[in-house]
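Read through the structure below, which is laid out as structure tokens, and then see the notes.
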Protein chains: 2
Amino acid sequence: MSVTAAKGFRAAGITAGIKDSGNPDLALVVNDGPRLAAAGVFTSNRVKAAPVLWSEQVLKAGQVSAVVLNSGGANACTGPKGFQDTHATAEKVADVLGLNAGEVAVASTGLIGVTLPMDKLLPGVETAAAALSGHGGEKAAIAIKTTDSVHKTAVAEGAGWTVGGMAKGAGMLAPGLATMLVVLTTDADLPAADLDKALREATRLTFDRVDSDGCMSTNDTVLLLASGAAEVTPAYAEFADAVRQVCDDLARQLIGDAEGASKDIRIEVVGAATEDDAVEVGRSIARNNLLKCAIHGEDPNWGRVLSAIGTTSAAFEPDRLNVAINDVWVCRNGSVGEDRDLVDMRYREVRITADLAAGSETAVIWANDLTADYVHENSAYSS
Amino acid sequence: MSVTAAKGFRAAGITAGIKDSGNPDLALVVNDGPRLAAAGVFTSNRVKAAPVLWSEQVLKAGQVSAVVLNSGGANACTGPKGFQDTHATAEKVADVLGLNAGEVAVASTGLIGVTLPMDKLLPGVETAAAALSGHGGEKAAIAIKTTDSVHKTAVAEGAGWTVGGMAKGAGMLAPGLATMLVVLTTDADLPAADLDKALREATRLTFDRVDSDGCMSTNDTVLLLASGAAEVTPAYAEFADAVRQVCDDLARQLIGDAEGASKDIRIEVVGAATEDDAVEVGRSIARNNLLKCAIHGEDPNWGRVLSAIGTTSAAFEPDRLNVAINDVWVCRNGSVGEDRDLVDMRYREVRITADLAAGSETAVIWANDLTADYVHENSAYSS
């Protein structure tokens, strides 16, 4: 599982002391090759953390030999000092492992606007390097957790090759391209251009369609590293499918562990004129606080679905809209449909189907309900 | 106060039995002239309630002789039956008062997707007509409440003329143009075109800049009726100013009574390149659930302000952004500024100032915090 499921990778997760809690807070993933091909997608938030700015530059060359990730501090909105700290972290990794700092990606997560304790982080890099192992994927996944209650890993197997990965993310979880830290590894032998294409396709349909709380992070990073150690070059479609499978699995785990959530809401928009329309409508429903409260209260309040659809620019006629909640079509032709008392909402997963009756395009967006626990967790986070 | 502060108007608020609670639920406002000039702005939600569709048609002629408003049911997403019910309500008012139904505006508020109990509403119109009085403005304001804890009225006096009004709205409160039911009356003598211009200017800067919970209603209606009974035609600028004053007062009351809120957040965006940029940034901050939770927890979490700004398309450079919370500049040049411990957030009003350092335009948006009480109130609303 995790980032060491594929051959050619070592990883470690250790406690550097960045977190006051004493929980693991530093992860290192190393690609031992023979290939160092890599691709990455990053937050589209215009306020980007220092490690995002750094790693975007690193990824331009399509080569990554190591990734260092810390929890306990986002290193976002930290000015020139923050960028220097990221640079120093990459240099330290390069120094300890005999690599080129320009091939070391950096990712950080935690509170915005606080500089990292470099006196703890840099010695931590040495500890992590000493702990690197072909079985360290699980520990690395644990070390990148913030408010996550569980660590997240996934794997997909091809014919003689593997794609594995780890993810963290529980709040500030809405697509920007992606909304979390994710590292995927594969031992398949593919050029960086193919990795890039497969990763962009996969994130567009998975992480980019997760919208837990409408809040886009400054630190989102999704990396895909290929070692070529399996000495197999799979057909592109087959490889892209495996990457999407792993991303989908991790995205679903993120929603299932979102801060304070009691429901996972699968919003399927059908009958849209375009895919963009379907995504816009799905997101509008996903972000409607009143609907999210209603789902929490197990109330099939379809009027709030319609009022959310009505704020979009998608093609539809109000008197042709249909809405199902857990397969009961409670709204037909923009008006009262089947009896809402038929809707059973006891289970964690709730399915909303919105039919725009305007075409044949579809999209699925995953969201969470809005709960008092979310409020409690996020009104006390930094204090 | 309220809609009977201006001469030439009578109003009533009674219990028709639409609400199960037995609270007042039907209001009637009559313009006795000599003028019947009127203007209205309505929700920009594309899913519009039947009374909105009806009243939009009525207002096209710029003449309104009466407004009938009910709480206890929004008559939205109720299909052809819903529109027939609205029409029948206007006909009943016209019939009882000897008016033309084409000059009777209708407004409804309450749960979406439920048809109105016409067997209670129509007799209620007769009761309300019998109760009409030149001092009935207060009772009318009470009868349009839903989850409002207090009724809302305001008044502004000119030289020999008056603008008064009432408003309701506590949830699904975000601009669409306006997001609530509001009736304003004046005894000034002005043509419908001037009323329309003054009302649009006022709502753009007041109700349209209230964003309590990001959720746009299907029923928003703001009407301005002029009786001409004061026999004074004020200068346009003076009149427009009075209308804006009343709208501003009512908008502030709506924020102060929003569902479950414990804080009123005044977000002032300064240094914007355009007013549109300022409004876009203000709204993005206003709708950020994580920030709204932080404010609830009295946590001056300026990183969440920056992450919200970063999702907009406004002109700015991340490393030039400045943010103050209650006048303490906690973020300077996109990085750590004054000590966040200096911020005192004990009071209900919290002021966030976001300086984009990109120009000289400004805008103020009002929002509320996100609380467990909001979740509780809205997860149980329809059950």
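Please read every residue number as a count from 1 along the shown chain.
Yeah, the Cβs are placed from backbone N, Cα and C, and that goes for glycine too.
A TrEMBL annotation is a machine prediction, not a hand-curated record.
Pulled from TrEMBL:
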BINDING   A:THR146, A:LYS168, A:THR179, A:GLU259, A:ASN378, A:SER383  substrate binding site
ACT_SITE  A:THR179  active site, nucleophile
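Using a Cβ-Cβ cut-off of under 8 Å to chain B, the binding-site residues A:THR146, A:GLU259, A:ASN378 reduce to A:ASN378. Of all Cβ atoms in the shown protein chains, 26 besides its own fall within 10 Å of the Cβ of A:LYS168 (substrate binding site).
Each of the binding-site residues A:THR146, A:ASN378 was scored by the number of other CB atoms within 10 A of its CB, and the lowest score belongs to A:THR146. Just so you know, the Cβ of A:GLU259 (substrate binding site) picks up 26 other Cβ atoms within 10 Å once every protein chain is counted. Under the three-state DSSP scheme, A:GLU259 (substrate binding site) falls in the coil class.
In the three-state DSSP reading, A:ASN378 (substrate binding site) counts as helix.
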